[in-house]
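Undergrad: Here it is, the structure in full.
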Amino acid sequence: MERSPFLLACILLPLVRGHSLFTCEPITVPRCMKMTYNMTFFPNLMGHYDQGIAAVEMGHFLHLANLECSPNIEMFLCQAFIPTCTEQIHVVLPCRKLCEKIVSDCKKLMDTFGIRWPEELECNRLPHCDDTVPVTSHPHTELSGPQKKSDQVPRDIGFWCPKHLRTSGDQGYRFLGIEQCAPPCPNMYFKSDELDFAKSFIGIVSIFCLCATLFTFLTFLIDVRRFRYPERPIIYYSVCYSIVSLMYFVGFLLGNSTACNKADEKLELGDTVVLGSKNKACSVVFMFLYFFTMAGTVWWVILTITWFLAAGRKWSCEAIEQKAVWFHAVAWGAPGFLTVMLLAMNKVEGDNISGVCFVGLYDLDASRYFVLLPLCLCVFVGLSLLLAGIISLNHVRQVIQHDGRNQEKLKKFMIRIGVFSGLYLVPLVTLLGCYVYELVNRITWEMTWFSDHCHQYRIPCPYQANPKARPELALFMIKYLMTLIVGISAVFWVGSKKTCTEWAGFFKRNRKRDPISESRRVLQESCEFFLKHNSKVKHKKKHGAPGPHRLKVISKSMGTSTGATTNHGTSAMAIADHDYLGQETSTEVHTSPEASVKEGRADRANTPSAKDRDCGESAGPSSKLSGNRNGRESRAGGLKERSNGSEGAPSEGRVSPKSSVPETGLIDCSTSQAASSPEPTSLKGSTSLPVHSASRARKEQGAGSHSDA
């Protein structure tokens, strides 16, 4: 039984946070200085770490001591709050028998004043012992010396978590090395007005970054084929940073509701920062923010890889595109693996400045291995490949130095790559510098905060603290600015005259289409196609291409309405010389034997009637000029003979596969109609393609036949 106080003292030893040795200290509490002992030891039974806090807590029981409800009440309180410490390193605790007597004598007064007996002083927790208290040798002569020494060299017992920062339950919280302790919220370094300014700044920058990255992505959607490999990773890179900027904007809107825990008045807990993955909202924000931050960095590395393959290894776009599956596997797989690992390790931390959740804000090891190390690795690999690619491009530029045009293009491309890489690397390297600076000085900042608030929170103050070692708000603002501005560099790559043209065309296409303008455009495209195709045929014939030439025309419907009334004669102005086109058409007809036979049939079948039929049906009202009966009969006969020879002229501009007569007569027909009649013609008539390959003699013969009729 005699060893029970010593065993209890051994149990209390782990409570000593900053003790390196078990030492006694002189009593400084005035009420207990008249006791038979003058040395004490902390922490005591209630977990008090110094005599000042113990004296304050003991003051709640002074009413009992002043009323002297029990003759031994004052001695018991001093032994409980200021325990005895002997030179033999023996902590003496109050006895159970004395405790039971005090409670029995003072129970009525405690009920009257509403005093609650502390759980730490329950009598059944105290040891059975005698009431004799050992006294240190020379109690009054040795008191002044150690007391002065204590004033000169204060005892550093480490950090004690304030009561309002303690967390309930097993949530895995850890702050300044203390379990179940969380940082305060709002931020422990800055004032409220500084935090408001920082939040507004982050919100504005996130909006700019979000708009820039969305513009890059939407430009890609307008013309997907424009951004092929090796440039395609820029699009995925911009998508990643659009999500990052969106998360910061969400944090700006929500404030600290996601990054901080609300105060609990019942448990006497204040606002604390979220630590761990138990908070679902904070975990979701962390997943998106960390995953896409790392994915964006990896996509930049892949961009440098594709540039190196194209410039240094001379890979084609198709060869690089075949490796796209591996690019996606690395870019999305590695960040996903790190994100899942951090969630499993319970490393999620709330950021009470920006309102988001990230990693490494209070855990220095997590910041070192999950933020700094991946970013430094990506910068090293990407910068190495980028320099290798630029060196290869410079070598190519020296090889083609006599080709002024290509050399100028290559020079502009190199400048473009250099500026884009600089816009990415400079902010990223600055961000790494902020992380390193914060990692080195965070412990000092925390000790300064500890020293500034120890008296306010009634916790022991640190032995040494530099009052000037406080963080600057500008450092954190630069860190958030560099985090977001990295995504804006993608706008530089897509920002060109071609992008403006694509956006202008996109808005123009979305307007309501005019049927007249649309049908004119269709006709103009058809004429341009015929002219281009005939030029190719002439080129082949000039070089002695064997066999007859045939023009196979495929008419394509543009979805326009044939009921609209318009005049398409002016659309033929796109072709400058239709006489040349007619000459080429005549040449093509005579090169084919089958076409010669068909031409003879057409002569016998009254060719002018066929021509009048073609142009007349397409012209609409102008067909009344050939309204006699004989003209109709000859027209019908010509139609019959043409149908027997598989040369029926379709009304919509199509030519039979067996016909070697090209459909180029539309130009002459439409032009002549536009000149002769100002009345608008139907769309059906304007899109028909009559034959314009008859000779001058045939025209004269047709004119004579028409006059006879």
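The backbone N, Cα and C atoms fix where each Cβ goes, glycine too.
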Undergrad: Would you say whether Swiss-Prot puts PRO230 on the same side of the membrane as ARG368?
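TA: Opposite sides, per Swiss-Prot.
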Undergrad: Which one is it, CYS69, CYS78, CYS85, CYS129, that Swiss-Prot ties to CYS106 with a disulfide?
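TA: Of the candidates CYS69, CYS78, CYS85, CYS129, the one Swiss-Prot pairs with CYS106 is CYS69.
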Undergrad: In Swiss-Prot's disulfide listing, CYS32 is paired with one of CYS10, CYS24, CYS78. Which one?
TA: CYS78
Undergrad: Pick from ASN38, ASN644: which one does Swiss-Prot list as N-linked glycosylation site?
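TA: The N-linked glycosylation site feature in Swiss-Prot corresponds to ASN38.
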Undergrad: Under Swiss-Prot's annotation, the disulfide partner of CYS123 is which of CYS99, CYS129?
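TA: Here Swiss-Prot pairs CYS123 with CYS99 via a disulfide bond.
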Undergrad: Give the residue counts of the topological domain 'Extracellular' (255-284) per reduced DSSP state, in the order helix, strand, coil.
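TA: Going through the topological domain 'Extracellular' (255-284) residue by residue, I get 5 helix, 7 strand, 18 coil.
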Undergrad: Among 202-222, 234-254, 285-305, 325-345, point out the range having the most Cβ pairs under 8 angstroms from the transmembrane segment (371-391).
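TA: It is 285-305 that shares the most Cβ pairs under 8 Å with the transmembrane segment (371-391).
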Undergrad: Between 202-222, 234-254, 285-305, 417-437, 474-494, who has the most Cβ pairs under 8 Å to the transmembrane segment (325-345)?
TA: 285-305
Undergrad: Per DSSP, what is the residue count of the topological domain 'Extracellular' (346-370) in each of helix, strand and coil?
TA: 7 helix, 4 strand, 14 coil
Undergrad: For a three-state summary based on DSSP, what are the helix, strand and coil counts in the topological domain 'Cytoplasmic' (223-233)?
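TA: Reading the DSSP string over the topological domain 'Cytoplasmic' (223-233) gives 4 helix, 0 strand, 7 coil.
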Undergrad: Over the topological domain 'Cytoplasmic' (306-324), what is the model's mean pLDDT?
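TA: Here the mean pLDDT over the topological domain 'Cytoplasmic' (306-324) amounts to 83.
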